[in-house]
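In what follows, a structure is listed as structure tokens, so that the remarks can point back to it.
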Amino acid sequence: MANITKKVSWSSRADESGPAGEGTPLLNGSEQPRLSRQCIHAQSVNITVCVLFQSLDYDNIENQLFLEEERRMSYMGFRCLEISRWVVCGLIGFLTGLIACFIDIAVEELAGIKYQVVKENIEKFTEVGGLSISLLLWAVLNSAIVMGGAIIVAFFEPIAAGSGIPQIKCYLNGVKVPRVVRLKTLMVKVFGVICSVVGGLAVGKEGPMIHSGAVVAAGVSQGRSTSLKRDFKIFEYFRRDTEKRDFVSAGAAAGVSAAFGAPVGGVLFSLEEGASFWNQMLTWRIFFASMISTFTLNFFLSIYHNNPGDLSNPGLINFGRFQSDSVAYNLYEIPLFIAMGAIGGLLGALFNVLNYWLTIFRIRYVHRPCLQVMEAMLVAAVTATVSFTMIYFSNDCQPLGPEHTEEYPLQLFCADGEYNSMATAFFNTPERSVRSLFHNQPGNAVLNYNPLTLVSAGVFIPSLLIGAAWGRLCGILLIWADPGKYALIGAAAQLGGIVRMTLSLTVIMVEATGNVTYGFPIMLVLITAKIVGDYFVEGLYDIHIKLQSVPFLHWEAPATSHWLTAREVMSSPVTCLNRIEKVGTIVDTLSNTSTNHNGFPVVTNNTVSQRTKLCGLILRSQLIVLLKHKVFVELARSRLTHRKLQLKDFRDAYPRFPPIQSIHVSQDERECMMDLTEFMNATPYTVPQETSLPRVFKLFRALGLRHLVVADDENRVVGLVTRKDLARYHLGKHGLEELQLAQT
């Protein structure tokens, strides 16, 4: 162990935090302020992994109940389950498309009312003087609208802040982020993103659609709503983490598809950025959900725009059609595209660094909900002030033709028959501002500043705006070039430099432009931006995941970790249970707040050698259900009509298993015995002590395990490997660094 730098210790086990999963810290918020402060303290001392996060069970628990159910199921039963999966994916796509349609219509209508009021006010005071009143009106309107969205996020559901993509990445990676896929989170997310966009913040509704689609998927696939306490008695077979994970992947893809009108891009996004586990059939189901999502959104928006059946403009954001003469590019432009990709990587890295330090500042000084609401209002007021100032001093007047496409043309100080083109950029939703940078006449420029605030909004649109602005500037400086083409390349470079997506973003941009000609330049730009950006700092989503100290497992173990073995990585000693255990012992073990273990190896005693051997693994959630239903050996013998516990009882309790404190066990019942044979996983994955860390990591990561038992040559339990044990090791400035886990 001498070659590992011991950088810093982990935080404690949090003895007072209660059983696992009952007080886990949240990304962008916390369920309990006390735990939130604890994690904030962890960040202030650079702790990399927070032990309060729990893992999801992405490996099926093959106990006797599960195997009996699977063996009883006929071939037609499995075919019906497969059909049910397709039905669920179709429902996910349909509902995600409806939510996207609702958000888009609400933003269009409310923003239209706001811009019309501000426009009329500016025109009124342009003639009589007193434009400061117009500025005040604009700032007050923006602040009031944003305040509504910030209040509901800060005080009701902090997990709904931001785009939600880092949270969904963590969930699909196997980390339990509480409340991330709740119905309440979805409602707050939808309301918050509407207020953010209508309030004039330079943010988009595309990122939150990914989170919204994931929440829809998590709810629909379970056939019930735990928030509303309604059980529809359907899709009960899918009430486990493994199935739920696949549907959440489909929901994330459906969200991307609805946002950009890019079904293929949605599938690739879910594969590249979201899903940690994949198979061929899942690809087809996710693509089906993405197609349904795009079709649903497109169909209902065509009705809203009085063009029923016109399905030619899918997605919440559309980059417009590029004319055939403007999409051509030559060989000598390839070096320019590569240079723009490098610039995008540099600017993206700078953006991420500033975002990182701004987040640190907000965690330390703007952590109270009231301060977060005031911050959001201040940003909204400043945005309105900057916008008004740029419009006021702009002298870029364009002729107002008979077929103008501007919805709110503002004359201001321009001559009759002309309008202020700068006002067009600000009197629009951010999506239309991006499109105007791609297609409007040269002369327009937009400066975008998008600080972090506690609102529901994504980073896609700010990135596209920044990139399109400097890309268009490059096109204007190159007199012979088409500014719109370079605006598109700049937008791709900036977004790629920030989020570091390559394959999926290439397809999304191509599908959004409706022209495959730019496929190669966009791919070239994105690869360059990723290479340059990765040299300086990680992508934005990975930064936020690390800021929250999430035990996120990447695809591979650290490159220099081959000489480490399971013996040095595992947690020990391990709390084990006997195959037939005393109820009082189980209750005391689960109530022990100094450990809060979630998995317990089950052992059997050898009467000859008096040594224990591993015979299975059982989870805390299973033991709680057994205690709740009082599955005791003595009671089973005394009751001739005692109902046998079934998998349905475990599925009914999923995913909110009751805490051990809510289970009442009398003193007499504590003396009873519990037989775990039927309920434990009799074939848990095990590894020898000398297994190398990369091999342990690969087995743990590929199979989606929560616990990996380390056994000796005689099959005795010597340790247990969990997600946090593997997340302790990472490559730092001084090579492989180890974060020691405090046991107190």
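The backbone N, Cα and C atoms fix where each Cβ goes, and this holds for glycine too.
TrEMBL: automatically predicted annotations, no manual curation.
What TrEMBL says about this one:
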COMPBIAS  1-12  compositional bias 'Polar residues'
DOMAIN    680-738  domain 'CBS'
REGION    1-27  region 'Disordered'
TRANSMEM  86-107  transmembrane segment
TRANSMEM  135-156  transmembrane segment
TRANSMEM  186-204  transmembrane segment
TRANSMEM  247-270  transmembrane segment
TRANSMEM  282-304  transmembrane segment
TRANSMEM  334-358  transmembrane segment
TRANSMEM  370-393  transmembrane segment
TRANSMEM  459-480  transmembrane segment
TRANSMEM  487-510  transmembrane segment
Listed stretch, out of 282-304, 370-393, 487-510, that has the most CB pairs under 8 angstroms to the transmembrane segment (186-204): 370-393
Applying the under-8 angstroms CB criterion, which one of 86-107, 334-358, 487-510 scores highest with the transmembrane segment (282-304)? 86-107
For the domain 'CBS' (680-738), what is the mean per-residue pLDDT, to the nearest integer? 89
Residue list, the transmembrane segment (459-480) vs rest of chain: Cβ under 8 Å, 6 or more residues beyond ends. 163, 202-207, 259, 317, 336, 340, 343-344, 347-348, 351, 430-431, 433-434, 437-438, 442-448, 450, 486-495, 498-499, 540
